[in-house]
Amino acid sequence: MSHGGGGHAAELFPEDQVLAIGAVLSIIGMYVAQFVPSLAMLIGGLLAAGACVAGANTTRRVAAYGLGTGVPSIGMVSLGMGTISALAGVLIPSAFGLPVLATPILAAVIAVVVGFIVGKLTQNPVGMKVPIIVSSMTKLSLMGALAILGFCTAFAGGFSADLIINGAINNGVIALAFIAAGMSILHPFNACIGPDESHKRTITLAVACGLMAWLIFSIAKLDIVSIVVAAIFWLYTYGSFVKMSLGDACEVKYVPELPKKE
């Protein structure tokens with residue numbers, strides 16, 4: 001059932017479980033990239049997609065209440081909070097002499113705090129009446145931060161300040177992370193929303209979007225092995241989504257080729 005005017009089906013996968021799995025996978029991927037740079041994109045990039053899937057799942061739940069601003073807006077808010085938190089997590093250890101290995105955990109903690117504050121602000125003074133807005137903003141901030149930092153770490157080959165600044169910020173890769181991760185978080189439910197929405201189909205598209213983000217980063221990095229593996233995974237997952245969509249559709253109409261002249 002849908003809440004308000006949103007429209008999502010029954011929940012097949014508990015949100016907190018999806019969130020925990022996405023968070024753990026993305027953090028593991030960052031540490032793999034830090035300790036084994038040669039596998040940064042192959043493993044780190046793949047596992048960073050987990051944060052995108054978890055973020056998309058939370059977007060599905062909160063957006064079903066009817067945000068009034070459209071589903072994409074909350075995806076952009078997620079990545080806005082996430083970018084601030086990820087950068088703080090990277091820069092604070094070098095500024096205060098903390099261990100570099102604390103970076104992913106520190107970024108996650110900051111993201112939770114930022115998300116909670118933003119969630120409270122959406123209640124008062126903004127006045128949104130969505131009952132789960134505070135918890136959802138907190139979760140989206142966390143997933144946004146882990147997705148941003150995960151893909152940037154995979155590209156840069158580590159999460160120390162010098163690696164991230166030179167390998168992801170100065171070259172603009174963090175902007176790519178913002179857009180790729182943002183689309184992966186906001187698009188799945190935005191594409192599947194409606195009276196016939198199913199959790200399985202939306203999550204399948206979320207996985208496909210996360211894998212596409214990984215593929216984009218693999219291409220940008222020119223990592224041939226990661227490109228091939230990501231492309232195979234994405235084609236299989238997106239193909240599964242298309243089959244589900246055709247199977248769930250009431251009717252499928254194939255548009256013929258447009259006439260070349262009147």
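Positions of Cβ are set from backbone N, Cα and C atoms, glycine also.
Swiss-Prot has this to say about the protein:
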- 35-57: transmembrane segment (TRANSMEM)
- 70-92: transmembrane segment (TRANSMEM)
- 97-119: transmembrane segment (TRANSMEM)
- 140-162: transmembrane segment (TRANSMEM)
- 172-194: transmembrane segment (TRANSMEM)
- 214-236: transmembrane segment (TRANSMEM)
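Recorded stretches compared: 35-57, 140-162, 172-194, 214-236; the one with the most Cβ pairs under 8 Å to the transmembrane segment (97-119) is 140-162. Annotation: stretch 35-57 has the most Cβ pairs under 8 Å to the transmembrane segment (214-236), among 35-57, 70-92, 172-194. Ranked by Cβ pairs under 8 Å to the transmembrane segment (140-162), the stretches 35-57, 70-92, 172-194 are led by 70-92.
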